[in-house]
Amino acid sequence: MDCSPEEDTDISESEMDEYGDKTYEALKNGNHHVKNSDETFTCPYCPKKKKRDYLYKELLQHASGVGNSSSDKRSAKEKANHLALVKYLEKDLAGPSKPVSENDPPVGCDHDEKLVWPWTGIVVNIPTRQTEEGRYVGESGSKLRDELKSRGFNPTRVHPLWNFRGHSGSAVVEFRKDWPGLNNAMSFERAYEADHHGKKDWYANNDQKSGLYAWVARADDYNSTGIIGDHLQKIGDVRTISEIMEEEARKQGKLVSNLKNLIETKNKVLKEMEERCSQTSVSLSNIVEEKDKLLQAYNEEIKKIQLSARDHFQRIFNDHEKLKLLVESQKSELETRGVELEKREARNESERKKLAEDIEKNAIRNSSLQLASLEQQKADVNVMKLAEDQKHMGDDGDVEVLEKVDALLKQLREKEGELEDLEALNQTLIVKERKSNDELQEARKELINELKEMASRAHIGVKRMGELDSKPFHDAMKRKYNEEDAEDRASELCSLWEEYLKDPDWHPFKVIMVDGKHQQVIDGEDEKLNDLRNELGDGVYNAVTTALMEINEYNPSGRCIIPELWNYKEGRRATLAEGAMFILKQWQVAKRKRGMS
């Protein structure tokens, strides 16, 4: 049935349990409508609230926040109804698929209550003793921290409070700044309350107190006078869970919006550059193809010129041979006539005179022929030289062919100029692409910086590449020393090896061939690493070699720790898109939580 408005009458605080039991029975009997479907639920006691559809976890947080609220605006009947709804959800509607994640705000506390942030606990009545000098001393913070860790509260630090007399018998317990840290803090408080050693028990006027008393620091502790209030005001401020959730939602929303716009802009620029690169590639292909065609045409023309020059030389040689034969024939004929004239010399004087004239004429003609023969020999030399020149340079007389060659060479130079222009354009695009990649790297750094401030154990986060894992050192020292000495020894050894990792002169690597490629691996014969393995075991050795490989991959020259966007689920470097999608999901979850209350 649909829920009805609250009645005007209210109940007292003492009647809340009885009223809540009746409300719980009404819910069990189906008198109120809670479940809309397998996935969505509604609150029957908030009919005027704009948000009517809740996921199971959201409705559980809403009901718990109202039921445990300390605000005067919430009536006792309203709180009792919502506490009964929490009981009904946990006992009758809870399933294996609806657990409350430790990464969510606690469901058992008031979201409007002012707490000290970062989450802080207070421990009082710590045993102290007076020394001979008159000062008071007590147990160390690390010992109390280890005791609380063993009980599952996971504090990050326990800070004893000291004054001019020494140990004050009080300490503050610091927890992580995230929701798991608040869950640990509330578990810490509930454990001491269950043992009647909570805040109310400490301030109750009864018998003498014994043992430790502890609780979560709130606004009254923050504003109190004394050593506890002074310390809380130095280390934090007072905030509500709702305020922190709203601040996270705002930051995540702004980050998601900025990253989304940045990615859209970069994708648009990359798409334009890809299109221009594609066009440039097509143009380059066309230019290369045209250049090949011009080169082929040039080679064919050169071949034609060489054939034409060879034919021209052959014609000159043939004409020269014909002229040489004609000169030899005329020379032979003149020699024959000279012999005949000498025979006729004795015939008579008149004939001798005529013969002398003929001989003189014949001598003149013979001299001319000798000169012609010499000129012919010179011509033979010039012809042979011309033939050699024609073999290499072509026919100087074939002007038309040479003009074609000049035209082809001119076109080829013009095409080569166009090719150089296109190559310059391609180089410009490459520079722009590198600039775009640099901007994407800046976006990746911004995403890493934002994720550093978000405490989350999700599969996307920031991993410090090259950071030395201290746990194997602690484990190795615990096998040799007691608890306190082991912690000190482990810290010293860990610090020492961190300095070794930063030493650029220590390079325990060797190069091997893997699948035909050179690859750097840890040198198994390195003396320092072998001594480490023999002394402290494989756990510490593996921690050091893992940090070495990460440093060698991410910052081999600087030898310092580099934060990296990391996909913990797949054990690899996360992409920028994966990081943005993770932030977007976190923002959507925070948005749903904001609409819950």
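Including glycine, each Cβ sits where the backbone N, Cα and C put it.
What you see is a predicted model, and the numbers here were worked out from it, not measured in a lab.
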Between 203-255, 256-308, 468-520, which stretch does TrEMBL give the note coiled coil?
256-308
I'm validating the feature mapping. Which of 1-20, 21-40, 141-160, 341-360 is tagged region 'Disordered' in TrEMBL?
1-20
Going by DSSP assignments with H, G and I as helix and E and B as strand, what are the residue counts for the domain 'Factor of DNA methylation 1-5/IDN2' (463-593)?
73 helix, 23 strand, 35 coil
